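Colleague: I have a structure I would like to understand better, so I am pasting it below and will then ask my questions one at a time.
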Amino acid sequence: MNLLDGLWGVLDLLLVAVLLLLAVAAVLSSDRRRSMMLFIVFGLVLALVWARLHAPDIALAEAAIGAGLGGALLMATLRRDTHQQTDRFPQHPALVWGAGVLVMVLGTAIAWGLLSILPTVEQTWRKGAAVDAQLAFSGVSHPVTAVLLNFRAWDTLLELAVLLAAILGIRALGYVRATYVTEAAFSQLAVWLVPLLILMAGYILWAGAHSPGGAFQAGALLAGAGILLRLAGYSSAGLPTARWLVRLGLVAGTGVFLLVGLGLLGWGQGFLHYPVAYAKWWILLIEMLATVSIGMTLTLAFMGGIPQKEAA
Amino acid sequence: MAGLSAINPQFLYVCAGIFLFAIGLWGTWLHAHYVRKIISLNVMGAGVFLTLIAVAYRGENLPPDPVPHALVLTGIVVAVSATALALVIIRRLEDAANE
């Protein structure tokens, strides 16, 4: 038992050391391309840390959204025509070190404050017991999904609104010249991977009701399929060619969520207070449409908006 | 080995989270190029997420607190959409500078 605990301690120290080294290297490396690569690997190690801290939902989301899509988005900003891009800190070394010392002092102060109140967390902040007590009335059996779609559904609605605002901003900026190349080799890969990704998205969405998973991870997988199609040379990236259908898809997640909330309010239930008997179905409807919106939004974000000439 | 088992994982990961926050803040502050600022900002965000998840962790034998988990899940999606918008703005700025 003691030996096993010791092994966990070694693993924790190793994970933290690798994570911190990758973060420092990603921030300090003077080569931009290397910095991006290091950041993507950092995301993957972070996914392992989430798994270690019993947060499988976040591990899934980090691997798919943080490292996967974030990496794809970063790589899309790389210019193909310039090979090495160096970004050193432009300031005087004394200022760089001074600023470093300053942020470390700030960090130490935050750590001291946080660690001194940590022992009181169990009595004061925890809402876990309240979640467990109400779980049976939420319509799902997975506590994280229950918090996201029922107990704090308001947060998730606003989150979908943020996603919508981001894609509206991206589209308002107009057509951006694509910097990625389409590869013929990808089209063969896409034939196999795209159906698999869509199938996995469906499974992850359904699994979210009772185990780790849900709309965000499923939407990220759909976006992965879209990006793969785009890289394989499909100009529409699997999105509908009719513009009104794309617009509808982008708004569906936020729109239906809001309509359900307002409908329940009109019914005398209170905003987003699902009647217990139907909670499961309302959550499933909202999650399905949110998955479509998230998938489309992230695919379009990778493409930099709808290319003007290519959209029919 | 016995000494290592005395390390409280919660303490270790909270400290790691705050260190990530500080490193990210440093980079966001000092880097001149926007893509580098974005990467640093994301490292900062990862630090906040790690701190929250470390607080939610309650040891091997207890289920973790689902509320911070839901908050971090929301945070990851918001961070990636803000990153996407920022990166498109940067690409647009670079295109405008090259024209």
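Quick reminder: no glycine exception, Cβ is built from N, Cα and C everywhere.
Predicted automatically and left uncurated, TrEMBL annotations should be read as such.
I grabbed these lines from TrEMBL:
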{"type": "TRANSMEM", "residues": "A:6-28", "note": "transmembrane segment"}
{"type": "DOMAIN", "residues": "A:18-80", "note": "domain 'MrpA C-terminal/MbhD'"}
{"type": "TRANSMEM", "residues": "A:35-53", "note": "transmembrane segment"}
{"type": "TRANSMEM", "residues": "A:59-78", "note": "transmembrane segment"}
{"type": "TRANSMEM", "residues": "A:94-115", "note": "transmembrane segment"}
{"type": "TRANSMEM", "residues": "A:157-177", "note": "transmembrane segment"}
{"type": "TRANSMEM", "residues": "A:189-209", "note": "transmembrane segment"}
{"type": "DOMAIN", "residues": "A:189-291", "note": "domain 'Na+/H+ antiporter MnhB subunit-related protein'"}
{"type": "TRANSMEM", "residues": "A:215-232", "note": "transmembrane segment"}
{"type": "TRANSMEM", "residues": "A:244-267", "note": "transmembrane segment"}
{"type": "TRANSMEM", "residues": "A:279-303", "note": "transmembrane segment"}
Colleague: Helix, strand, coil residue numbers for the domain 'Na+/H+ antiporter MnhB subunit-related protein' (A:189-291) per DSSP?
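Modeller: For that range the per-state counts are 76 helix, 0 strand, 27 coil.
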Colleague: When you scan the chain for residues with a C-beta under 8 Å from the transmembrane segment (A:215-232), skipping those not six or more beyond its ends, what do you find?
Modeller: 57, 60-61, 64-65, 68-69, 72, 180, 182-183, 186-187, 189-190, 193-194, 197-198, 200-202, 204-205, 208, 238-239, 253, 286-288, 290-299, 302-303
Colleague: Work out, from DSSP, the number of helix, strand and coil residues along the domain 'MrpA C-terminal/MbhD' (A:18-80).
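Modeller: Per-class counts: 53 helix, 1 strand, 9 coil.
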Colleague: How does the model score the domain 'Na+/H+ antiporter MnhB subunit-related protein' (A:189-291) in terms of mean pLDDT?
Modeller: 87
Colleague: Can at least 3 Cβ pairs under 8 A be found between the transmembrane segment (A:244-267) and the transmembrane segment (A:157-177), with each pair 6 or more apart in sequence?
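Modeller: Stretch pair touches.
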